[in-house]
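**Student:** These came from TrEMBL, pasted as-is:
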| type | residues | note |
| --- | --- | --- |
| BINDING | 193, 194, 195, 196, 197, 198, 199, 200 | ATP binding site |
| DOMAIN | 104-250 | domain 'Kinesin motor' |
């Protein structure tokens, strides 16, 4: 808007020679017509110049003409601003959607089978798996001592039942993040669960499989030329203490 007003003012000063529109009659002759036509074309409003090509410019018409020019320029600028804002919002949404599609954290759950003690005590298996949904069937009693089962469903990125092997666990959890490391991205995989839930049994073979894949990637020509180095540490964190398993548990 400021640029439009400035342009209109500049044109007013140039044509009016002092800015007075009180005197009737043509202004400037052909020279005035040419100046005005050029100015209208420079602002993208050349269609307003067509009626002036064959007649002189009457000073009494200039205020209304300049008012039209200002209104049209303001409308054009507003339209351009709206288009820019819409484009900016659309781009932000596109970027946001693209980022949201890349999962930064994935949570997988592995169900363990009943152990020997649980089997000997004839305990029931109250956990079922259906694709990526894990359901806990909790036995309960009503106030009148009527037994019933309350279901609790939990959805994860992947749920592995009690029949999967450690090879399958590795394929679903660790294997997909190995290539990411070679894109200079940090990757972490850790097991969480209460004592006896199967963390050690699950995690024990995974570092060996990961090391094999890491070495295999290191020997590929595309990465071998970049001189990657492999560093290994092996720790146990238990009861608030950190043990170095490669240094006699120090």
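Backbone N, Cα and C define each Cβ position, glycine as well.
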**Student:** Counting across all protein chains shown, how many other Cβ atoms sit within 10 Å of the Cβ of residue 194 (ATP binding site)?
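**Tutor:** Excluding its own Cβ, residue 194 (ATP binding site) sees 7 Cβ atoms within 10 Å.
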**Student:** Give the residue counts of the domain 'Kinesin motor' (104-250) per reduced DSSP state, in the order helix, strand, coil.
**Tutor:** 42 helix, 36 strand, 69 coil
**Student:** Output, ordered by sequence, the same-chain residues six or more apart from residue 197 (ATP binding site) with a CB under 8 Å from its CB, or 'none'.
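**Tutor:** Listed in sequence order: 112.
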**Student:** Sort out for me which one of 193, 196, 198 has the most neighbouring CB atoms within 10 A, since those are the binding-site residues we care about.
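**Tutor:** For the binding-site residues 193, 196, 198, the Cβ with the most other Cβ atoms within 10 Å is 198.
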**Student:** Including all protein chains shown, what's the count of other C-beta atoms within 10 A of the C-beta of residue 199 (ATP binding site)?
**Tutor:** 16
